[in-house]
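If you check TrEMBL, you get these features:
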- 175: active site, thioimidate intermediate (ACT_SITE)
- 204-227: NADP(+) binding site (BINDING)
- 6-310: domain 'IMP dehydrogenase/GMP reductase' (DOMAIN)
Ligand SMILES: NC(=O)C1=CN([C@@H]2O[C@H](COP(=O)(O)OP(=O)(O)OC[C@H]3O[C@@H](n4cnc5c(N)ncnc54)[C@H](OP(=O)(O)O)[C@@H]3O)[C@@H](O)[C@H]2O)C=CC1
Ligand SMILES: Nc1nc2c(ncn2[C@@H]2O[C@H](COP(=O)(O)O)[C@@H](O)[C@H]2O)c(=O)[nH]1
């Protein structure tokens, strides 16, 4: 690969403005046949999303992916969302019981509009076989598969039937995969996204490493249709993580899906827990994200997200760890 860089190493270059107000810029995206207000999805993690937030996001026209860590609630969740006339978007793993769950959905005539196969090392036969099982059993579901970090993986999962792939191994804020295994896209997630996007024939979700709203525009520039974000969504009053007070200041807990806090045991731990500053309501952040992205579109010289996809850029430096502390 020629150039290796990450979000903090890139600046996009402005083009002549064609709008009189940023409010003219449209941040919406069509993904899996539905139109959403933003190309952004909160991470499918237990301290980021719950049923209440999922419902709110669907009602308000945002994309969501429910996590898979309370498996027994998923069937009723799908039923409930669809009874309300909303789309259902859930996650699954690859273990034997997940095959039975997919069959149970079919037996109950429930087809979730979106199913995300969510495992750490998505370039595997386990994911390929699960894609094929879902496509055979629930052909109407839009299948997102991941996570991966190479063009070969994107192509293989697409060829197996995935409708979109999720790119990002190790760039997450509570991720310690890069430290514990030496592998991943941590420190060069944006370049990995570009590398994968060049090979992709279907949409890509850029997952992990977003630290500022400007990183959303950069992800779009380098090939993302959607951007999955954890840490920036962790600190809201609605966030499911515990609220903690330290020296008179409020924080929210944010932990990795492969942390001992999620797993309940210290085996193959590749995630950690941290405290994130409390930052008000989720709605306000989504509005600010939209305004910032409207501004990005205006700097790109257009009126829609597509304008961002073609702007020039410069590489300003290169560093690892995305500004995060090692532990
Ligand atoms: N995006 C990222 O960088 C990462 C994300 N995560 C998140 O953590 C959660 C748990 O992930 P995961 O542990 O995969 O889920 P599971 O615990 O459901 O494991 C899925 C299956 O894959 C196997 N597996 C896990 N990692 C590997 C590997 N490196 N090589 C071969 N087999 C493997 C597991 O077996 P066994 O456990 O016995 O090996 C298990 O059979 C997910 O939500 C995932 O997205 C975790 C790490 C990195
Ligand atoms: N290596 C690990 N990655 C994890 C874990 N739990 C979640 N994740 C990934 O992080 C992103 C969110 O990243 P952020 O930078 O926006 O906070 C999430 O979508 C997962 O892909 C984990 O335990 N280990």
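Glycine too: its Cβ is placed from the backbone N, Cα and C atoms.
On the structure: features taken from TrEMBL.
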residue: 175; record: active site, thioimidate intermediate; DSSP (3 states): strand
residue: 204; record: NADP(+) binding site; DSSP (3 states): strand
residue: 210; record: NADP(+) binding site; DSSP (3 states): coil
residue: 216; record: NADP(+) binding site; DSSP (3 states): helix
residue: 222; record: NADP(+) binding site; DSSP (3 states): coil
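Taking 213, 216, 225 as the candidate binding-site residues, the subset whose CB lies under 6 angstroms from any atom of ligand 1 is empty. Not one of the binding-site residues 204, 213, 216, 219, 222, 225 places a Cβ under 6 Å from an atom of ligand 2. Annotation for residue 210 (NADP(+) binding site): same-chain Cβ neighbours under 8 Å, separated by at least 6 residues, are 7, 216, 219, 227, 229, 231, 232. Counting only same-chain residues at least 6 apart in sequence, those with a Cβ under 8 Å from the Cβ of residue 225 (NADP(+) binding site) are 29, 31, 39, 164, 203, 204, 205. Taking the C-alpha atom of residue 175 (active site, thioimidate intermediate) as reference, the shortest distance to any of the binding-site residues 207, 213, 222 belongs to 207. Residue environment of residue 219 (NADP(+) binding site) contains 31 other Cβ atoms, counted within 10 Å of its Cβ in all protein chains.
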